[in-house]
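The next block holds one structure in the form of structure tokens; read it before the comments.
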Amino acid sequence: MFSSDENLFNFIVFFILVMAFPTFILCQFFTSPYGKHYTSADSGTTISPPIAWAFMESPTLWLTFLVFRLGKNYTNPLAFILISPYLFHYINRTIIYPLRLRSRSTKNNFPLNIAVAAFIFNLLNAYIQSRWVSHYANYEEDESFWVRFGIGLGLFGSGMLVNIWADGVLLGLKSQGGGYKIPRGGLFDYVSSPNYLGEIMEWLGWALMTWSWAGLAFFVYTCANLVPRAVSNHKWYMEKFGEDYPKNRKAVFPFLY
């Protein structure tokens, strides 16, 4: 079907970009039943959340390392510099976050089918991100690399700090026991899902750093997936806590949405 690696690469980029639209539409009507959206009525095989996160995010590490060394830019220091923020994010998401979650999660309530679907997406996405950075990016003729990298890294780093901080707040509330509580302080005073806001910031920064269709596809798909979920989270909080939930708080973008 694919006569060359470049055809395969372009097809996957196009596929992820195009699939963002139906994903966004589907997420208006269906919220993946994990986390606070999981109920006992959900059917299917479930696994431990820490295992689910480690499993489904794992291609971003092992496949990246496998693909990266096969690229023509493998010996170029700029390729290593560019891939580093991506790896830092996924070291946290694949290893550190599941370990943090492990001490606070005792229920096998993460649907296996969702973990498998996420694994497949990460398999495809890790391939195109690592293949672009290690092979198709042209560093020699990219005169604006450092400008874009600096701006993108600032945005990526800020988003990652927001993401990790927000995860910490939510995990801290969970460790207190007694069910779900209203998160407060920092960006939680402005949006219901600052963890998603942080991740959107990260992949916008990544798209700027890579200046590629692969990076853009990842950013667009991230928005298509996380913005509707943030809205679902917002509605869930309002329904659960009613009048006690801050009325001026938005779903994901402060003051806007």
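Yeah, the Cβs are placed from backbone N, Cα and C, and that goes for glycine too.
Nobody curates TrEMBL annotations by hand; they come from automatic prediction.
Database features, via TrEMBL:
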| type | residues | note |
| --- | --- | --- |
| DOMAIN | 109-257 | domain '3-oxo-5-alpha-steroid 4-dehydrogenase C-terminal' |
| TRANSMEM | 7-31 | transmembrane segment |
| TRANSMEM | 51-71 | transmembrane segment |
| TRANSMEM | 78-98 | transmembrane segment |
| TRANSMEM | 110-128 | transmembrane segment |
| TRANSMEM | 149-166 | transmembrane segment |
| TRANSMEM | 203-227 | transmembrane segment |
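Across the domain '3-oxo-5-alpha-steroid 4-dehydrogenase C-terminal' (109-257), DSSP assigns 109 helix, 4 strand, 36 coil.
Taken together, the residues of the domain '3-oxo-5-alpha-steroid 4-dehydrogenase C-terminal' (109-257) have an average pLDDT of 95. Segment contact holds for the transmembrane segment (51-71) and the transmembrane segment (110-128), given three or more CB pairs below 8 angstroms at sequence separation of 6 or more. The stretch in closest packing with the transmembrane segment (149-166), judged by the count of Cβ pairs under 8 Å and taken from 7-31, 78-98, 110-128, 203-227, is 203-227.
Distant neighbours of the transmembrane segment (78-98): 49-51, 53-54, 57-58, 60-61, 64, 68, 71, 129-130, 133-134, 137, 139, 145, 149, 153, 156-157, 160, 164, 167, 202, 205-206, 209-210; these residues of the same chain sit at least 6 beyond its ends, with a Cβ under 8 Å from one of its Cβ atoms.
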